Amino acid sequence: MAAPTPVSALVHSSTLVTAGVYLLIRFSNLMQCFRILRLLIYLGVLTTLIASLRALFEPDLKKVVALSTLSQLGIIIRTLALGFRELAFIHLLTHAVFKALLFICRGKIIHNVGGYQDTRKIGGEMFNLPVTRIIIVLSSYALCGVPFLAGFYSKDLIIEARLIGDIFFINYCLYILSVGLSTRYSFRLLFMSIRRRRLNYINLENISTDIKTGKRGVFVMGVYS
């Protein structure tokens, strides 16, 4: 179901999509008594792999960000199923910030090109929006887990916790693969956005005042990323 970009930013970061994950975190102590946790581990792995592989071949600008939400939620579910409730909640909070930032910035690009979302047609538009370009790169790096950004602290703690504990080698390889795929589709989307292949009818003078004033919230989220 498609929605306007501000609605997608709210839904994918902190409300509808993440509500079920937050509910599982709240009831994690109750689930420790059942054998459903092992099922959640493999469901999380499957969700992350399918969403990441789908994002690698998706040309739509917003759908890639939406699929990355599914990928990160799979990581959170798997972390929760292993008993790291606090780490899952930390990653849920950090993910909400840079995912909302990604949606807002992508929405600004889509607004400037007249509603087109195909990255094969609107490549190079980031060069016309220098501030948005910097914030998109910052939030994408946070999603990848680049050091000293928000995503690094949550993902690094999760990987360290997995290394310290007793872990099956295949499960560890699947976890590293899922984290690596998130980096792969993030850099692919950046590359597709930077390529100078865009439509000729774009008129940057039609940017509305609402989009300009919306930069304040983007700057605030950029600081937290």
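Each Cβ is built from the backbone N, Cα and C atoms, and glycine gets one as well.
According to TrEMBL, the domain 'NADH:quinone oxidoreductase/Mrp antiporter transmembrane' annotation covers 1-169.
According to TrEMBL, the transmembrane segment annotation covers 6-25 (among others).
Marked as transmembrane segment by TrEMBL: 37-57 (among others). Within the chain, the transmembrane segment (37-57) has long-range Cβ neighbours (under 8 A, six or more residues past its boundaries) at 24, 31, 63-64, 67-68, 70-71, 73-83, 171, 174-175, 177-178, 181-182, 184-185, 188.
The transmembrane segment annotation in TrEMBL covers 87-105 (among others).
The transmembrane segment annotation in TrEMBL covers 126-149 (among others).
For the transmembrane segment (169-187), the residues of the chain that approach it from at least six positions outside its boundaries are 41, 45, 48-49, 52-53, 55-56, 64, 67-68, 71-72, 74-75, 78, 140, 143-145, 155, 159, 162-163, judged by C-beta separation under 8 angstroms. Summarising the annotation, TrEMBL assigns transmembrane segment to 169-187 (among others).
Remote same-chain partners of the transmembrane segment (87-105), defined as residues 6 or more beyond its termini with a Cβ less than 8 Å from a stretch Cβ, comprise 5-6, 8-10, 12-14, 18, 21-22, 25, 62, 65, 68-69, 72, 75-77, 79-80, 132, 135-136, 138-140, 142-143, 149-151, 153-155, 157-158, 161, 214, 217-218, 221-222, 224-225.
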